[in-house]
Amino acid sequence: ACAMDWQVLTRELSLYLESQVRVGLFGSGVGLSLVLGFGVAYACYYLSSIAKKPQLVASNDRFCRFLEEYCPVVTETYYPTIWCWEGRVQTLLRPFITSRPQVQYRNELIKTADGGQISLDWFDNSDSLYYPDASTRPTVLLLPGLTGTSKESYILHMIHQSEMLGYRCVVFNNRGIAGEDLLTPRTYCAANTEDLEAVIHHVHSLHPAAPFMAAGVSMGGMLLLNYLGKTGRDTPLMAAAIFSAGWNVFESVESLEKPLNWLLFNYYLTTCLQSSISRHRQMLEKLFDMDLVMKARTVREFDKQFTSVMFGYRTIDDYYEDASPCRKLKSVGIPVLCLNSVDDVFSPGHAIPVETAKQNANVALVLTSCGGHIGFLEGIWPRKCTYMDRVFKQFVQAMFEHGNKIFSM
């Protein structure tokens, strides 16, 4: 498909040049030569330096062979969109470029032990041709990013991919984020896995005979990794997929506080966090100085005044230490595939725990040179399927339909 896109681009460029460039008597052909020369040079640069196979990091040869056979996308060259391959650009443009598939949810509110409530959005896929029996229909639990909900385009695309395969999906919306009221003065964080544990237990209890996986994006991936590091093999999940997780929170916030990154991402993300709690102000101001929280201008300041205090950490460093999944990766006890781009400013390439991953036979890292944060755009006009979507689809299908072969290859 990528080769066809390149052929289409070349043909369209040639037709455009033929129709728009007039070669005259006084050397306007020099302009055409310059344009063609630049195009050839850019194409050579793109093919030699941008389009690359991802780095597959896994210590388990059987896991590697399994991925090569049933999830081949992780071994194929990734061709980023030729006009927006840089990480920041991919990160900024993805929400505006990618389509938003229509999904009809069934909402469920479940109670928590402390008196709170969690909003789950179900896509039951009742018309599944491959799995007509709801009791055994494979289920994928989806965890959105920091301020994300079931309405995020990347979540909708994952559900669309799952729908084609016949699977059921349920989206875990963090407390107070999806329109439901906060019943207690508590929201969520990347380190505390209590709500996720409750959701996993609830979903599994409803469909105990159904194969069960989870996929987390950004902070959702961090939360899922921290849960897996805590539970080891003691989980009803058979496998997990992680996308654009921040591995080391100290490195993530430091990267986001660089001037350009603060301007493009940090300040906006901070305002999103503030907006997500402002509608619950009456409940939260029982415990917090909300005026001080609303003055935060960075994610670090918000976490210092709000998140770390809410979950009882003595300092923000204590919270960030506990929230960093790199500390718990050795304890993961089920097959996990983690996709990151090394140009992701939210999760810098140097902070990805490559050596730690090599010490756990259950973990495989897929590292692309481009892709940004939840970007991974590909094709000339990347409206639909991204590289991340393809990795998700192939890995989930591989685990549900061939997962028993991992340990026999």
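From the backbone N, Cα and C atoms, a Cβ is placed for every residue, glycine too.
Bear in mind that the values here come from a model prediction, so they are computed numbers and not experimental data.
Here TrEMBL flags 23-47 as transmembrane segment. TrEMBL lists 138-379 with the feature domain 'AB hydrolase-1'. Sequence annotations record features per position, and here TrEMBL assigns active site, charge relay system to Ser218, Asp344, His373.
Feature map: TrEMBL annotations on the structure.
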residue : record                           : CB count, 10 Å
Ser218  : active site, charge relay system : 26
Asp344  : active site, charge relay system : 28
His373  : active site, charge relay system : 25
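Cα-Cα distance from Ser218 (active site, charge relay system) to His373 (active site, charge relay system): 8 Å (rounded to the nearest whole number). Across the structure, His373 (active site, charge relay system) and Asp344 (active site, charge relay system) are spaced 5 Å apart at their Cα atoms. Along the domain 'AB hydrolase-1' (138-379), the predicted structure has mean pLDDT 97.
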